[in-house]
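S.K.: What Swiss-Prot shows for this protein is this:
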BINDING   Asp21, Leu22, Asn23, Arg36, His59, Leu60, Gly61, Arg62, Arg112, Arg145  substrate binding site
BINDING   Lys196, Glu313, Gly339, Gly340, Asp341, Thr342  ATP binding site
Amino acid sequence: MSVIKMTDLDLAGKRVFIRADLNVPVKDGKVTSDARIRATIPTLKLALEKGAKVMVTSHLGRPTEGEFKPEDSLQPVVDYLKNAGFNVRLEQDYLNGVDVKDGEIVVLENVRVNKGEKKNDPELGKKYAALCDVFVMDAFGTAHRAQASTYGVAEFAPIACAGPLLAAELDALGKALKEPARPMVAIVGGSKVSTKLEVLNSLSKIADQIIVGGGIANTFIAAAGHNVGKSLYEADLIPVAKELAANTDIPVPVDVRVGLEFSETAAATEKVVNEVKDDESIFDIGDKSAEQLAEIIKNAKTVLWNGPVGVFEFPHFRKGTEIISHAIANSDAFSIAGGGDTLAAIDLFGIADKISYISTGGGAFLEFVEGKVLPAVEILEKRAKN
């Protein structure tokens with residue numbers, strides 16, 4: 001990706017406006033999951049080390065534009081950064097200019113409260129741009145949205161660059177999708193083929209093998225002519241599944257774990273894939289399938305993982321995802337994982353340090369995998385050329 005990188009710039013004495021992703025869950029004024037803040041701290045430290053006058057902003061939740069409410073405030077993020085030892089303050093009225101002292105971080109209040117943010121109003125983009133000498137886009141999770149703080153500001157700022165987080169994300173995705181070391185294996189889980197159809201189509205042109213899981217696998221099992229009982233599947237997409245299976249190596253499970261109801265207490269029965277009864281639902285792959293797929297992963301050189309292979313939230317239907325997770329963790333392949341359920345599985349099985357790259361962007365990750373252009377990246381590339 002040909003973008004200017006923040007790491008390559010001289011920022012001494014420069015006013016630097018960082019668009020981060022600090023959209024963290026907050027309860028009773030306290031941050032309840034700090035992963036996104038922790039991921040942003042190295043970028044803030046780097047800007048300070050380079051002698052920049054640092055401003056950082058983000059969206060938080062879904063406020064109504066033009067109406068500020070206390071629950072939409074980034075104050076809990078400011079409190080967190082203070083506790084982490086930063087000299088930091090919150091600025092609510094910043095569109096007409098901000099005074100930033102050396103060594104301090106000024107957090108600019110929730111961008112989504114500003115009128116015109118979501119529809120990328122150029123006048124708002126110009127106001128953001130006027131605050132800085134250098135704009136740093138470091139929020140991969142919002143890179144698929146053209147908004148005033150992700151796109152407009154990059155259009156008008158004197159210099160627009162990618163922050164370390166965004167640059168690392170683009171490098172990792174490029175490594176997995178543009179020129180992957182082979183064999184390249186993709187794991188695509190989820191409840192519906194329809195929501196991952198573009199992902200499957202795009203990966204069918206790149207991957208040597210695609211492992212499908214969850215409700216998606218059920219549609220492929222039905223397409224192979226097996227009874228899926230009361231399982232979640234999409235009958236109308238069986239022709240699509242057949243076409244994908246004809247043109248791509250998509251192994252269908254040979255055995256499955258079934259239950260009579262979708263509940264944590266439902267008993268799990270393992271059976272051969274062609275023996276599912278009408279009153280049963282498939283909630284996981286069986287041991288034999290999991291071991292076969294683990295072997296495929298073991299021999300891979302690149303693994304892209306998006307989605308579990310079973311209802312791993314329920315202990316009885318967790319084993320398939322657990323075996324696959326550990327196969328990825330123990331593999332020598334370059335592995336990249338993304339998507340909320342995938343990250344939850346990584347946390348559950350304690351393998352975060354064994355995945356080469358964990359993507360922070362849900363929707364943006366999927367759109368990149370689909371081969372779509374991410375507007376916030378596109379404008380950085382355009383600015384790098386000028």
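Glycine too: its Cβ is placed from the backbone N, Cα and C atoms.
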S.K.: Just the number: how many Å between the Cα atoms of Asp21 (substrate binding site) and Gly340 (ATP binding site)?
M.R.: 15
S.K.: Do you know offhand how many angstrom separate Glu313 (ATP binding site) and His59 (substrate binding site) by C-alpha?
M.R.: 30
S.K.: Which has the fewest other CB atoms in a 10 Å radius around its CB: Asn23, Thr342, the listed binding-site residues?
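M.R.: If we count Cβ atoms within 10 Å for the binding-site residues Asn23, Thr342, the smallest count is at Asn23.
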S.K.: List the Cα distance (Å, whole number) between Thr342 (ATP binding site) and Gly61 (substrate binding site).
M.R.: 22
S.K.: In angstrom units, rounded to an integer, how far apart are the Cα atoms of Lys196 (ATP binding site) and His59 (substrate binding site)?
M.R.: 27
S.K.: Which one, from the binding-site residues Gly61, Gly339, Gly340, has the smallest tally of other C-beta atoms lying within 10 Å of its C-beta?
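M.R.: Comparing Cβ neighbour counts within 10 Å for the binding-site residues Gly61, Gly339, Gly340 gives Gly340.
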S.K.: Quick one: of Asp21, Glu313, Asp341, which of the binding-site residues has the smallest count of other CB atoms within 10 A?
M.R.: Glu313
S.K.: Quick one: largest C-alpha distance among Asp21, Leu22, Asn23, Arg36, His59, Leu60, Gly61, Arg62, Arg112, Arg145, binding substrate per the record, in angstrom?
M.R.: 18
